[in-house]
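Structure first, then comments.
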Amino acid sequence: MAEARHAPLKDQTSVSGARVLIVEARFYDDIQDALLEGAVAELQSAGVRHDVVTVPGALEIPAAIVFALDAAERRGEPYDAVVALGCVVRGDTIHFEIVSMESARALMDLSVKRGVALGNGIITVDTDAQAWARARAGELNKGGHAAQAALTMLRMKRRLAKA
């Protein structure tokens with residue numbers, strides 16, 4: 001199978017002044033550290049502010065996003081984009097499928113129904129080695145890619161709002 005190549009879109013719409021929410025599941029602390037490092041580096045390089053909210057597992061991420069978005073809106077400090085980070089490693093039961101599919105579905109529903117610029121960095125893997133390969137900034141850097149996706153969606157949202 002050919003390796004997929006992803007090039008960032010060339011939209012130069014400004015994300016200046018943006019405020020990004022990162023919601024991370026700390027079920028695998030060491031892997032999560034790598035995912036978060038990649039996401040934060042990407043956001044810092046774009047010059048945007050970010051806050052981090054931590055939840056126990058991937059299934060809690062969508063609810064935490066809603067809680068945080070609503071609270072920020074009430075304070076008059078809305079978030080412009082969201083990055084979801086977590087790791088789900090396949091085990092011996094159906095739990096992997098439930099967590100993987102339901103967290104992805106809930107994030108998609110949230111993004112579409114609420115118009116949230118969202119990057120999904122919940123990695124779903126069969127082994128710890130696969131998780132590390134996807135989490136490390138020097139390798140596949142899925143945390144950084146999720147932040148980049150959130151910023152790309154924010155740029156599109158801002159550009160379309162001006163059209």
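Using N, Cα and C of the backbone, Cβ positions are placed for all residues, glycine too.
Here is what Swiss-Prot says about this protein:
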type     : residues                                : note
ACT_SITE : H95                                     : active site, proton donor
BINDING  : F27, A58, L59, E60, C87, V88, V89, N120 : 5-amino-6-(D-ribitylamino)uracil binding site
BINDING  : D92, T93, R134                          : (2S)-2-hydroxy-3-oxobutyl phosphate binding site
Quiz item: Ranked by the number of other Cβ atoms within 10 Å of their own Cβ, which of the binding-site residues A58, L59 ranks first?
Solution: A58
Quiz item: What is the nearest of the recorded positions D92, T93, H95, R134 to L59 (5-amino-6-(D-ribitylamino)uracil binding site), using the Cα of each?
Solution: H95
Practice problem: Compare the Cα of C87 (5-amino-6-(D-ribitylamino)uracil binding site) against each of the recorded positions T93, H95, R134 and report the nearest. | Solution: R134
Exercise. Using a 10 angstroms cut-off on Cβ to Cβ distances, just flag whichever of C87, V88, V89 is the loneliest among these binding-site residues.
Key: V89
Quiz item: Tell me, by DSSP, whether D92 ((2S)-2-hydroxy-3-oxobutyl phosphate binding site) is helix, strand or coil?
Solution: coil
Quiz prompt | Rounded Cα separation (Å) that holds between E60 (5-amino-6-(D-ribitylamino)uracil binding site) and R134 ((2S)-2-hydroxy-3-oxobutyl phosphate binding site) | solution = 21
Quiz item: Counting every protein chain present, what is the number of Cβ atoms, excluding its own, within 10 Å of the Cβ of N120 (5-amino-6-(D-ribitylamino)uracil binding site)?
Solution: 21
